[in-house]
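According to TrEMBL, the protein has these features:
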COMPBIAS  1039-1048  compositional bias 'Acidic residues'
COMPBIAS  1091-1117  compositional bias 'Basic and acidic residues'
COMPBIAS  1118-1129  compositional bias 'Polar residues'
DOMAIN    23-122  domain 'Ig-like'
DOMAIN    129-227  domain 'Ig-like'
DOMAIN    236-327  domain 'Ig-like'
DOMAIN    334-428  domain 'Ig-like'
DOMAIN    434-536  domain 'Ig-like'
DOMAIN    544-636  domain 'Ig-like'
DOMAIN    741-829  domain 'Ig-like'
DOMAIN    837-938  domain 'Ig-like'
DOMAIN    942-1040  domain 'Fibronectin type-III'
REGION    1033-1054  region 'Disordered'
REGION    1091-1131  region 'Disordered'
SIGNAL    1-20  signal peptide
TRANSMEM  1058-1083  transmembrane segment
Amino acid sequence: MARGALRTGIFLRLLGAVWLQTPPQQDFWLLPDNVTAVTGEDVLLKCGVRARQGHVQWVKDGFGLGPDPRIPGFPRYHMTGDPNQGEFHLHISKVDISDDAEFECQVSRAESSPELVSPRISVTVLVPPKTIQMNPEVGSSVTWVAGEEYSVTCTSSDSKPEAEISFHQDNWLLPDVFPYTNPGSHEKFVTTEATVRVTPRPSDNGKLLVCEVTHPATKVPSKSSFTMNVLFPPGPPVIKWPGQLEGKAKAGQNLELLCVSQGGNPLATLQWLKNGKVISSVWETDHKQALARSLLPLTIQPEDNGAQLSCEAQNSMSPEVQEHSIALHITFPPSSIIILGSTSLEENKTTSFSCYTKPSNPEVLLRWWLGWRELVPTDVTVTDGLHGGRVTMSNVTHTVRRADNGLPLTCEAFSEAFAKETLKKSVTLNVKYPIQRLWIESFPEGEMFRAGNYIRLLCLATGGNPEPSLSWCKDKKPVVEPKSAAEQRSRGGVEKSGNTFTRELVLKLDPSDNQAVYTCKTTSNCKATNEQASASTKFHVQFPPINVTISANTTVLRPGDSVKLTCVSLSSNPPANLSWEKEGERLPGVPFKHRPSLRFRGSEASGSVFLHVSSQDHLRRVICKAHSPELRETVSAFYRLQVLYPPQFLDDQVLKVEAQEHGGALFPISVSANPAPEFFNWSFQGSKLSPDGGPRHRILPGGALKLWNLTKGDSGDYRLLCQNAEGVNETIIRLDIHYPPTIRTIRDVTEVDVGGSAEILCVVDANPVLPDMFQWERLGEEEQGLGDAEQTSQGLTGRLQIRQATLEQAGPYQCIVDNGVAPPARAVSQLVVRFAPEVEHPQPLTKVAAAGDRASSATLHCRARGVPDVVFTWAKNGVPLDLQDPRYTEHTYHQGPVHSSVLTIANVTAAQDYALFTCTATNNLGTDHTDIQIVSISRPDPPKDLRVMNITHHSVGLAWKAGFDGGLEQRFRVRYEAPETPGHLYVDVFPPRATTFTVEGLRPFTLYHFSLLATNALGDSDLADRGVRLPVTTIGMDEPSEETEDPSPTEPEWPPGLLLPALFALGALLVLGNASCLGYVFWRRKCGRRSAEGAKEEKPEEGSEARAGNEYEESRSSGRNAPSTTESSAEMEPYYHSMKDFNPQLPPTLEEEPQYRGLWPGHKYEEVAGPGPLYDEVERLYPLPGAWGAPYIGAQMGEWPRGAYEEPGRVYDLVPEDLPGQGQDYLPFNLQGELV
């Protein structure tokens, strides 16, 4: 009974061990969802796997990203989450358009679980518009005319999805917008363009026209705008008159009249006119209030009565001048009163006096006063006067009495309109009495005087009542003498001494005094010949010519005419001599003559000269000089020639004007003409420019032309026609508009053979054209010079010449054109250097392993560089391959100069396909080829280049290169010899596919010999490097550690005190585990024998089921062009298991007879697994040996990995049928082979 209980316990124990070693099935507990994100945001795609056994990776558009959480090659991608919790989320940082793709989460097949593939989800990336452009340009000020229709275009470029565009004019949404879309710069980008028709109103002036772009990637709509400068005429002018009665004012009143015109663009120009004549053209503008105003200071004059005062307003858009007129009504008194009639009267003499006023409005009344006595007028008349006034006249007759002597006779004017003003005019009556004797005291007769000298004459008189008023006459004309201070103190210049009156005359002699008769009279009437007494005297005066005159025989002169100029020296004493000069040059040999002159009783000289004139003589002076030798004085006169000639443009006339596009230009005029030019006519391209100006031009006073808002079309010759009464002349002024360069022609691609010469042309449109405006630069990730490339330019064409082109010179070249007008222009041309194909040979012989089971496929990769495109051909054992055979499928890929051919062979068999395939690359410059050997799945090739990376006290770091894996996943094992230990110690490398490893637990300062081998499911390789043992001595405790190359990470050392107990514990666990596994295996064998017959009967169903599984795998593979074979030329990246698959490294064990856990005879190591799906990865979509890479990763990355082969000529022809074993039970179905 005890034995039965013991057996039951052992059975239960073995059953529990088996249950514990059976892992649960892996499945998804969290599936990813579709995500929409804006470019630049982070995205997290969630994926949860329960009971994960396989390896997890994400797939983007059918491209596997690999199980490495860091996802090499995708710096913005990494997997996050806790793998122990089954979290394998994909985090994408700062998404861009390249992330707009389909993603799926995949878990690779494990020994006990099938592979898992999540549903495909989409990451939708929203890209806001790259730029927003408007036509007219954004931010500009666009000049429009009110009422006319214009087109506005707004473009939103490179967005995803398309943007919505609307227009707003002064915050009003514009209707009738016509949008349409175009492809963007990227296949997923869209460029949206919308057009609207706009009719501006005057109220739109200065307002913004806004293009609003709405896009789901932006929270706030993007806006661009430009300012509308709307031209429209101003409003009518308004004159603001002070007071209530418009036009009413008084003479002398000072007014300030304001004229205002509202609106208009540009604002109005104002001017004041009175009776049609401009009196003021001064005005100011107020842009804030949008008005123009002019203030006219006006002092009212009587002549303003009845005048028309008007204010005119206009601008360049006015169809006609607008004005406001006012009729003036002025009130004014008479400016003066005048009394007519003699006030000096003989006693008892009757005389008449008249009094009249200057014009007044209204008329006035007159009264007469003699002293304080009012006189009665004889008659009064009123007549019309100037400026709409009235003139009043009154006459009075009176007999003078002695008593009236000295009384004032007054005429007084008055009116109700001038109540505060009284106008009077008075004269004093005087009664005269005759005088007695009169004489002159003077110098002796015959004495000579010089003009300019002073002499003194004295006149004496006695008697007379009233007192005589002595006066001097010269040749019967009154002498006007200056009043000295003494004379101002005397009455009328006459001094009285008793009954004698005297008057002194001091003269400064002049030519008119020569032989002149000076008379002293008692009356002011020098011409009177009555009996009153008088006294006279005369004298002789010397003087130079008093005047020189020049006369011409004609006043109308034209170029080529002759003119006679006559010079006359009017009078001199003694006679003078004549001479001629023209612009400082003396005219010789001109005769003259003398004759007596009646003026001042001197001598007159005269002479003539003849001249031929030209247009250069206009306004030149011809001088005549009269010289008196005795007096040593000269008198000159000049005659300015007036020559009539048509307009002539001067030498300093500008014939070329330079300006910049969108700027302004001024055409100055330098012309000479007599008379002045009457008009200036400008024309451009046969069209006459309006003399009144236009939206973009104005003709200034003097004929100069001013332009603004210039465009390229304004360049050219401007013809100026200048005319006066004498004729017409014209000139041509060229306008040269400078504008930034625009590249018109440049090839996208320029091809040249290696060693040949290439020329890249860059043709631009620019002004000015500078000799050094072309620059070339080579583009690339790093700065590269142009080398020996030669840069030349001629006019608008720049050249980059490359001689003896090399492959290194291929690439993009940028043409930069800068003529000093911003911005510079840039364009890129690609230089393609043609060369013969160069097939990349990773190894002398490339191997590809495939199962010859008539169900598997093999993929051969061939890559070559060459330009132009390469054509690939394939041959098997030297015989061209018939690609029409359905077993062969070829895909060719071209990416720049790199070309790839992928040949897929379906239903591989050993007899047909284990052969040498040749890939030949050909273009019109040559050929090249490489050989690829298809071999069966086999043991791996030995590793090579085993070397020491670092040495410490207790460890040695090793590194090596992997060899051909035989078509299956390979692992590496380190073998080393320890001193005083029989046999060899073995350590399995972890992670399995790593090519660096640190052997721990060594003794200090001890010599070890290391070797390395590779193993896969079919066996072990030979030792690396032909079995060479690598001697290494560890470091002593007192020596520092050594590093020969980059050290690999090392595991923490075991503390010395815990090392032995840990080894014993692990050994016990190992023995117990082996016993459990052996029990389980024996139990499985017994169960398998019982069901053998049933299995044979059900084999067809199993085969069909297996084929269904392969068809599923193949359909997935063909959907993504994934390989089903392994290339020997691919150097595999280290493959790291997740933490779930991590097992602590066991201490090395001695070499001994292996104990098998499975049914594999001939294998040496306990790590070799028994029968099961060990090779199911051969047909997988993403095989582990490829590190989840795409079949064309080598061509895409631009580098072929180097293989690790020591025996390139060896062909592994071992096929699955020849493997040792017990029938077909020891291999999985896909390696057993089956007829197709």
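For all residues, glycine too, the Cβ spot is worked out from N, Cα and C.
Where the annotation comes from TrEMBL, it is an automatic prediction and has not been curated.
Keep in mind it's a predicted model, so treat the numbers as computed, not measured.
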Given the cut-off of 8 Å on Cβ pairs that are 6 or more apart in sequence, determine whether the domain 'Ig-like' (434-536) and the domain 'Ig-like' (334-428) share at least 3 such pairs.
no
Please list, for the domain 'Ig-like' (434-536), how many residues fall into helix, strand and coil according to DSSP.
8 helix, 44 strand, 51 coil
I'd like the per-state residue tally for the domain 'Ig-like' (236-327) from DSSP, helix first, then strand, then coil.
3 helix, 51 strand, 38 coil
What DSSP reports for the domain 'Ig-like' (23-122) is 6 helix, 41 strand, 53 coil
Count up the helix, strand and coil residues in the domain 'Ig-like' (741-829) according to DSSP, in that order.
3 helix, 50 strand, 36 coil
